[in-house]
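As structure tokens, the structure follows; a few thoughts come after it.
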Amino acid sequence: STGKRNAGKLTVTDDVEADRDTDPDDKDPSVHNSWRTVDCGGVPCEFGCCRIIDGKEKCREIDCD
């Protein structure tokens, strides 16, 4: 005896990506509001917000309201 209960059948291991596949945040768009692409002086800013620094619009990833 091999000690396996499903001998001869395909054994399915735990899906390590199951949490990612069923992430409840994916169903709630309000969670992603701070991670939208904004126009920052003609340059897309994907991870934050646009701030004027030294007279120029620059993409910032911190200090975003």
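Using N, Cα and C of the backbone, Cβ positions are placed for all residues, glycine too.
Copied from Swiss-Prot, the annotated features are:
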REGION    1-33  region 'Disordered'
COMPBIAS  14-26  compositional bias 'Acidic residues'
DISULFID  CYS40-CYS50  disulfide bond
DISULFID  CYS45-CYS59  disulfide bond
DISULFID  CYS49-CYS64  disulfide bond
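Local packing around the Cβ, expressed as the count of other Cβ atoms within 10 angstroms, is greatest for CYS45 among the disulfide-bonded residues CYS45, CYS50, CYS59. CYS59 (disulfide bond) is 6 Å away from CYS40 (disulfide bond) when you measure Cα to Cα.
The CA atom of CYS45 (disulfide bond) is located 12 Å away from the CA atom of CYS64 (disulfide bond). Each of the disulfide-bonded residues CYS40, CYS49, CYS64 was scored by other CB atoms within 10 A of its CB, and the lowest score goes to CYS64.
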